[in-house]
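Peer 1: Structure below; questions to follow.
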Amino acid sequence: MALTFLTGGARSGKSARAVLMAEASGRDVTFVATAQARDAEMADRIRLHRAERPADWATIEAPLDLELAIAGLGAKSAGIIDCLSLWVSNMLERGDSAEQIEAAAELAATACAASVADWIVVSNEVGMGLVPMHPLGRDYRDRLGRVNATFSRHAALAQFMVAGRALTLGDHNLDLTTKENR
């Protein structure tokens, strides 16, 4: 069916927009969560996000294996993946290389775009601020930027969220994930 990609800064309205889009689809909705409650603050965030979703939605916890979740949805379904930012963080923490992360992103984005279900994928945009001082921060920013570009390239609709408003992004034909374009 269709892949929609939503990106933006923290608390920009990405997740809320994804929920509204899924509700409006009239489809059975599955929420694919990549977060892991490793501390009290993250547990509170997860609890708040759950409260924003309708109670009848299915939830799949997929901190690393998005492909299995994507493959499990049928033709009358819509899925939300929230969010790629934590998915990339989880892969970095596991020790995945840049090549492994980019390959996983390509597989997941291709699977979403080819799925019989509609997919709405949420991710943070972390590349617009200061250059991180720590090498791990720079590596994370670079990896997530490439993952975001991959999902945007496969998306039928890509939007950038700012202060609760959606800006539709155009020209998704440029493949920034190839070595020639880095």
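Backbone N, Cα and C atoms are what each Cβ position is placed from, and that goes for glycine too.
Features from TrEMBL:
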ACT_SITE  His49  active site, GMP-histidine intermediate
BINDING   8-15, 33-35, 50-53, Glu61, Asp82  GTP binding site
Peer 1: Out of these recorded positions, Lys14, His49, which one has the fewest other C-beta atoms within 10 Å of its own C-beta?
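Peer 2: Relative to the other recorded positions in Lys14, His49, His49 has the fewest Cβ atoms within 10 Å.
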Peer 1: What are the non-local neighbours of Thr34 (GTP binding site), defined as same-chain residues 6+ apart in sequence with CB under 8 A from its CB?
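Peer 2: Within the chain, Thr34 (GTP binding site) has Cβ neighbours under 8 Å at Ala62, Pro63, Leu66, Ile81, Asp82, Cys83, Leu84, Leu86, Trp87, Asn90.
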Peer 1: Helix, strand or coil by DSSP: which one applies to Gly8 (GTP binding site)?
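Peer 2: Gly8 (GTP binding site) sits in a strand per DSSP.
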Peer 1: Can you give me the Cα-Cα distance between Gly8 (GTP binding site) and His49 (active site, GMP-histidine intermediate) in Å, rounded to a whole number?
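Peer 2: Here the two Cα atoms are 17 Å apart.
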Peer 1: Only counting partners 6 or more residues apart, tell me which same-chain residues put their Cβ under 8 Å from the Cβ of Glu61 (GTP binding site).
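Peer 2: Correct list: Ala33.
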Peer 1: Reported as an integer number of Å, what is the Cα distance between Lys14 (GTP binding site) and His49 (active site, GMP-histidine intermediate)?
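Peer 2: Each residue's Cα considered, Lys14 (GTP binding site) and His49 (active site, GMP-histidine intermediate) end up 12 Å apart.
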Peer 1: Tell me which of the binding-site residues Gly8, Arg11, Ala51 sits in the most Cβ-dense spot, judged by other Cβ atoms within 10 Å.
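Peer 2: Sorting the candidates by Cβ neighbours within 10 Å, the top entry is Gly8.
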Peer 1: Through the lens of DSSP with three states only, how would you label Lys14 (GTP binding site)?
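Peer 2: It is helical.
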Peer 1: Could you round the CA separation between Arg11 (GTP binding site) and His49 (active site, GMP-histidine intermediate) to a whole angstrom and send it over?
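Peer 2: One finds 12 Å between the Cα atoms of these residues.
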